[in-house]
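**Q** Encoded as structure tokens, here's the structure I'll be asking about.
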Amino acid sequence: MSAKPSVGFVNEASRQILAGGSAGLVEICLMHPLDVVKTRFQIQRCTTDPNSYKSLGDSFRMIFRTEGLFGFYKGILPPILAETPKRAVKFFTFEQYKKLLGYVSLSPALTFAVAGLGSGLTEAIVVNPFEVVKVGLQANRNRFTEQPSTMSYARHIIKKEGLGLGGLNKGFTATLGRHGVFNMVYFGFYFNVKNIIPVNKDPTLEFLRKFGIGLLSGTIASVINIPFDVAKSRIQGPQPVPGEIKYKTCFKTMATVYQEEGILALYKGLLPKIMRLGPGGAVMLLVYEYTYSWLQENW
């Protein structure tokens, strides 16, 4: 049987971008309600606040009762607009960094982790302005029909705070940390463990093998990177005192949260984050791999 002709860079890149974008779109549509709940937990500061959520179940009940079903989809437009290019960048840059690192004397295990770190830092640059808008909309507790539109809220931020690190790009260093650390662990764990556990000939068991490794990858990465996520939400969300900026930089915000609220405050929203990015991480990897394989065969 004759070998397939070599695939040009443009075709290969197009497949990676399309598969990555598809993975992001599917994941955000399935998992966004948990992202809303996670953000709400991260920006609440004390349990004595009458609006604070007592538990995961309580948050779902309160949001549904006071804001309706669409309350769970607040802020979904920015991630939908961002997820396709964001995940496309995530997977495309991971593959490209991995290829570049092939010229360096790194072990395969370390190559996956370093390529993941590079892809996360690149992804953060693309996504941060969308994250600022998303967090602001998710923090709004009015009914879905009463909150500002995505574009009007973005214009409000630009007009009031500008485009810089105090405005549409605030929380940039925290976003770099969040995405860099997550992708480093996520890709590093997934591909290293997948290479260790033997491939199963049964398609169903092989699917479950990949899903299980992806689930663990997303879960472990979430546990490790959540302090950056909490810092990002505090910086990008509403400040405790209107007109006074309390949370400014990533590590100073972490230190402030730790000093005032304790170490566990840096892990606020961990359960909904794991519930979202555990299975969501598995979904992304599987959608990417199966879509990429389909594109290789059909395009």
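Positions of Cβ are set from backbone N, Cα and C atoms, glycine also.
Bear in mind that the values here come from a model prediction, so they are computed numbers and not experimental data.
What Swiss-Prot shows for this protein is this:
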| type | residues | note |
| --- | --- | --- |
| REPEAT | 11-100 | repeat 'Solcar 1' |
| REPEAT | 107-196 | repeat 'Solcar 2' |
| REPEAT | 205-294 | repeat 'Solcar 3' |
| TRANSMEM | 17-37 | transmembrane segment |
| TRANSMEM | 62-82 | transmembrane segment |
| TRANSMEM | 100-120 | transmembrane segment |
| TRANSMEM | 179-199 | transmembrane segment |
| TRANSMEM | 211-231 | transmembrane segment |
| TRANSMEM | 274-290 | transmembrane segment |
**Q** Residues of the same chain, at least six outside the transmembrane segment (179-199), with any C-beta under 8 angstroms of its C-beta?
**A** 90, 94, 108-109, 112-117, 119-121, 123-124, 127, 206, 209-210, 213-214, 216-218, 220-222, 224-225, 228, 277, 281, 285
**Q** Could you tell me what the rest of the chain brings near the transmembrane segment (62-82), counting residues at least six beyond its ends with Cβ under 8 Å?
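**A** Contacts of the transmembrane segment (62-82) (Cβ under 8 Å, skipping residues fewer than 6 from its ends): 25, 28-29, 32-33, 35-37, 39-40, 53, 126-127, 130-131, 133-138, 140-145, 147, 150.
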**Q** By DSSP, what is the split of the repeat 'Solcar 3' (205-294) into helix, strand and coil residues?
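**A** Result for the repeat 'Solcar 3' (205-294), in helix, strand, coil order: 74 helix, 0 strand, 16 coil.
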